[in-house]
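S.K.: Annotations per Swiss-Prot:
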type	residues	note
TRANSMEM	15-37	transmembrane segment
TRANSMEM	42-62	transmembrane segment
TRANSMEM	83-103	transmembrane segment
TRANSMEM	106-126	transmembrane segment
TRANSMEM	142-162	transmembrane segment
TRANSMEM	183-203	transmembrane segment
TRANSMEM	216-236	transmembrane segment
TRANSMEM	242-262	transmembrane segment
Amino acid sequence: MADWLIGIIMGAVEGLTEFLPVSSTGHMILTGHLIGFDDDRAKVFEVVIQLGSILAVVVIFWKRLWSLVGIGKVTDGPSLNLLHIIIGMIPAGVLGVLFHSAIKEVLFGPGPVVISLVAGGILMIVAEKFSKPSTARTLDEITYKQAFTIGMFQCLALWPGFSRSGSTISGGLLARVSHTAAAEYTFILAVPMMVAASGLDLIKSWDILSTADIQLFATGFITAFVVAMLAIVSFLKLLSRVKLTPFAYYRFILAAVFYFFIM
């Protein structure tokens, strides 16, 4: 298959699934297997196109991101600030640094991914069932305690297949944060976390990068960026109506497909 076509297919899958609670890792592994793109080059490619998805968040939430560093203000009252982000980053950041190699060795495999797809779906159903009325209906109403709780749930995203947005939005619901506010906080929180993780992976895989792959990487990056932009905007509109439950059932179906096609 031509590199440009691989770039478009994989970039579209990455952009569509990175910020939906369905596990981008599971979809990328399955798609790569189906089109025969699952070698060492594919692993570096996934890191590069993930940066395209991150750029989409930066473009959509640029006013928020500027306000976090003291440039501009989105509201006259109390608002989300940099400390909210730092607090949310600490749990997964510490865990990721301490156990990065162990996580890569133990959890990056077909079996663990299938288990996490199911476990993540169960968590989402439980969160919907037992969540109480929201005390933080908007992003600016999130407390430091709620930010830390969401950060704790983000640790689950270190397990491939669990889904960053699925785990953090579920944590937000259990901490009495509304669906939309939890999702927006999740996306903003993902920027520093994903940049750090992707940067680390790129450094470790630097010797695999080649100028011969520029077309592949560029096509995938641009496709992931465009599709992620559309996916994020659509998901935020959809979330207020359909909640997490349909995504949970989809994860169960994906786990079955993954089991029969990959394992």
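Positions of Cβ are set from backbone N, Cα and C atoms, glycine also.
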S.K.: Rank 42-62, 83-103, 183-203 by Cβ pairs under 8 Å to the transmembrane segment (142-162) and hand me the top one.
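M.R.: Ranking 42-62, 83-103, 183-203 by Cβ pairs under 8 Å to the transmembrane segment (142-162) puts 83-103 first.
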S.K.: When each of 42-62, 83-103, 242-262 is checked against the transmembrane segment (183-203) for Cβ pairs under 8 Å, which one has the most?
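M.R.: Answer, by Cβ pair count: 42-62.
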S.K.: For the transmembrane segment (42-62), give me same-chain residues lying six or more residues beyond its boundaries with a C-beta closer than 8 angstroms to one of its C-beta atoms, as numbers and ranges.
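M.R.: Distant Cβ neighbours of the transmembrane segment (42-62) are 7, 10-11, 14-15, 18-19, 28, 32, 184, 187-188, 190-191, 194-195, 198, 201-202, 205, 208-209, 213, 216-217, 220-226, 228-229, 232-233.
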S.K.: Can you see whether the transmembrane segment (242-262) and the transmembrane segment (15-37) are touching - at least 3 CB pairs under 8 angstroms, only pairs 6 or more apart in sequence?
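M.R.: Result for the transmembrane segment (242-262) with the transmembrane segment (15-37) is yes.
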S.K.: In the same chain, which residue numbers or ranges, 6 or more beyond the ends of the transmembrane segment (106-126), come under 8 angstroms Cβ to Cβ?
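M.R.: Same-chain residues near the transmembrane segment (106-126) but 6 or more away: 21, 23, 25-26, 29, 156, 158-163, 166-167, 169-170, 244-245, 247-249, 251-252, 254-255, 258-259, 262-263.
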